[in-house]
Amino acid sequence: MFNKKILLIFLFAFLIRLIALNQSLWLDEAITASVVKNFSFLQIITKFSPTDFHPPLYYLFMKLWTNMFGYSEIALRMPSVLFSLGTGWVVYLIGGVWSAVFFLFNPLIVYYSQEARMYMIVTFFLTVALYYFLKNRNQIIFGLFISLALLTFYGSIFLIVSFLLFSLYKKNYKFFLLNTFYLILTTLIISPLLYQQLINSKVALSQVTNWSIVLGKANLKNLLLIPIKFSIGRISFYPKWLYWGIAGTWTAFILFIIRKTVLLIRTVLIKTVFYLLIFPLILGFLVSFFTPMLQHFRFIYLIPILAIILASGKKTSMYRYIEVIGFVIFSLVYLLSSQFHREDWKSLVKSLPKNVPVYMILSSSDPVKYYSQSSNVLTLESSKDSKQKEIIIIPYTADIYGLDYKTLLSKNGYQLKKEVSFREVTYERWAK
């Protein structure tokens, strides 16, 4: 089960995850930091979670973690690093060395293993559940991990339902009934919170002009982006014709390997995991017509299944080496090229002029507050009433909220004097 080859693979996987681990936090990560720093365990459940769109387990875990290790970028991201490695180990137990390699060096996994969000933890929970599902082992442990997954990320329901429907199809009624009971029990426990979150989400969708676009509508573009991002990760570049050429070719190659494996190796394992790869995407696509959530990262827990399929081809196949080399190249392009890193709030905040009021969407201001305890951030809409001769505008998410701040400022006698840009974030200097 354990040998030097595996040790070296996991050591290399760990080391590359340390590259640029201290890059700037982006908005969602800064929200994580703010929540675990400013709320107690009870307040996370009673005050923060009703206004959020995720269950509270991840934040409760991070509250415990940061109490011990602090709030630095590395401390906040280290759980995702460790859970990604833990998931790789479970994938190894299911599908062997090549499966672990395809998972650990998948560029999208490498990216999210450096993010202080819940996606790697829920991937770990669901992969452990997958292990017990495929090995037909302890149903209680399976039930425990699907419950933990649902309490971490609501989007895990698509794979959980796929597990249950497959067991029903196989006439494994005991498994189906027992784990349906676990699912219902978990849902009942969290239902008061979920009900409040659903109400608040409807309010947000009605009040925030372009919020549904951010969440991911059910359309062909969002659907096609899932296999593309599963194959090349989060990198994107200009010219777009070159990006789409490279991304499309590599994705087509990965899909070709999947198709070839499924058609030629018709074992029970391959049939099962292929179903578990495809059916959650179908469910997610259908649900997104009513509740938009069709984005690649919300299905990242399917990549362990993808890795198992990719590793199931002929053992002597040169395709394996091509796949690994491709994954590692795309991962290193992200890691070693700062242009592909997250929003650079760290540099932006550092460059803000002193003693000049800063206006932005307050719900998006956590990165500024994380990197500057002294910054007094004011609501962007109130800038129209400012009496200051000079102000700073951070227009981040203003388009999502549908706020035409430029018109408001012009009516108040302001003119845009300077625009200062960093990676994916900008601030503007306005003066009368």
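The backbone N, Cα and C atoms fix where each Cβ goes, glycine too.
What TrEMBL says about this one:
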- 88-110: transmembrane segment (TRANSMEM)
- 116-134: transmembrane segment (TRANSMEM)
- 141-169: transmembrane segment (TRANSMEM)
- 175-195: transmembrane segment (TRANSMEM)
- 241-258: transmembrane segment (TRANSMEM)
- 264-290: transmembrane segment (TRANSMEM)
- 297-313: transmembrane segment (TRANSMEM)
- 319-337: transmembrane segment (TRANSMEM)
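The transmembrane segment (88-110) makes contact with the transmembrane segment (297-313): 3 or more of their CB pairs lie within 8 A, with pairs spaced 6 or more apart in sequence. Of the recorded ranges 116-134, 141-169, 175-195, 264-290, 297-313, the transmembrane segment (319-337) has the largest number of C-beta contacts under 8 angstroms with 297-313. Distant neighbours of the transmembrane segment (297-313): 87, 90-91, 94-96, 98-103, 106, 108-109, 112, 119, 122-123, 126-127, 130, 149, 155-156, 158-159, 216, 226, 229-230, 254, 257-258, 260-262, 264-265, 267, 269-270, 273-274, 276-277, 280-281, 284, 319-320, 323; these residues of the same chain sit at least 6 beyond its ends, with a Cβ under 8 Å from one of its Cβ atoms. Recorded stretches compared: 116-134, 141-169, 264-290; the one with the most Cβ pairs under 8 Å to the transmembrane segment (175-195) is 141-169.
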